[in-house]
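Q: So Swiss-Prot lists the following for this protein:
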type: SIGNAL; residues: 1-27; note: signal peptide
type: DOMAIN; residues: 31-275; note: domain 'Fe/B12 periplasmic-binding'
type: BINDING; residues: Tyr58; note: cyanocob(III)alamin binding site
type: SITE; residues: Glu80; note: site 'Important for BtuC binding'
type: DISULFID; residues: Cys191-Cys267; note: disulfide bond
type: SITE; residues: Glu210; note: site 'Important for BtuC binding'
Amino acid sequence: MKWIKSTGSIGLSLLLFLSSFSHSLYAAPLRVISLSPSTTELAYAAGLGDNLIAASAYSDYPPQARKLEQVANWQGINLERIITLKPELILAWRGGNPQRPLEQLAAFGIKIFYSDPTTTEQIAQDLERLAEYSPHPEQAKKSATELRQRFANLQQQYATTTPKPAFLQFGTYPLFTTSGQTLQSEVLSICGGRNIFANSPVPWPQVSREQVLIRKPEIIVISGGQEQVKLIENFWHPQLRAKVITLHEDWFHRAGPRIILAAEQLCQQLNDNGS
């Protein structure tokens, strides 16, 4: 009886120790690395900001992201440095980050979270998926809910707007645009614009000046500072006298939660009294 009681006591102590050890492992902050500016913004919006130990070049929002060590840029990924930092989760941009080093990192047992949203709903879904890893899952879910609500408000506000033919201009020499299967085109559509290259089979086609002129856009959407407007107007004059709208570059280009700011900016300019 004493042996049973003693064994039970030891067993209970062991269970408590293991439980405590397991809890401490679970409570240890997850080490996260982001490999693109958009996934960095997603991480902060999902409550994972304090877990980030490194990020990519141009990860500059929110401002504290600028303090993170940079382990990736447009040239590639610093594989050796990432392994040295011992991350447990890597946030990757599918199609933007090279696949081979990501597969090598996965072979080390590192979890890879892929993000490549082409719709506003997919951004919200990415936030919800990140809730699984976040120490603040309610923040991730709240960010997703707020994003959906703000886009729903825009859709309701501009639902009866007569679509205006618009050219989404990315670059000048050469001219690039986007098809209807991208995040940027969806934002344009929500605001009451009609992408003149929506039917392109290529997501990001290079187009000619003549291809644009024949479609007669009333609106040209660009990104950058206000000083770009005059340059674009001069580029198209005298053959095309379309209204030029400029948007905050990071808001519009990054597939992250701040795309709503670009949408609100575009909707306002596209539907003001001067349009």
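Note that Cβ sites are derived from N, Cα and C of the backbone, with glycine treated the same way.
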Q: Whole-number Å only: compute the distance from the Cα of Cys267 (disulfide bond) to the Cα of Glu80 (site 'Important for BtuC binding').
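A: Just about 45 Å between their Cα atoms.
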Q: Among the disulfide-bonded residues Cys191, Cys267, point out the residue whose Cβ has the most other Cβ atoms within 10 Å, with all shown protein chains included in the count.
A: Cys191
Q: On a C-alpha basis, identify the one among Tyr58, Glu80, Cys191 that is nearest to Glu210 (site 'Important for BtuC binding'); the candidates are the recorded positions.
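A: With Cα distances computed to Glu210 (site 'Important for BtuC binding'), the winner among Tyr58, Glu80, Cys191 is Cys191.
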Q: In this predicted model, what is the average pLDDT of the domain 'Fe/B12 periplasmic-binding' (31-275)?
A: 96
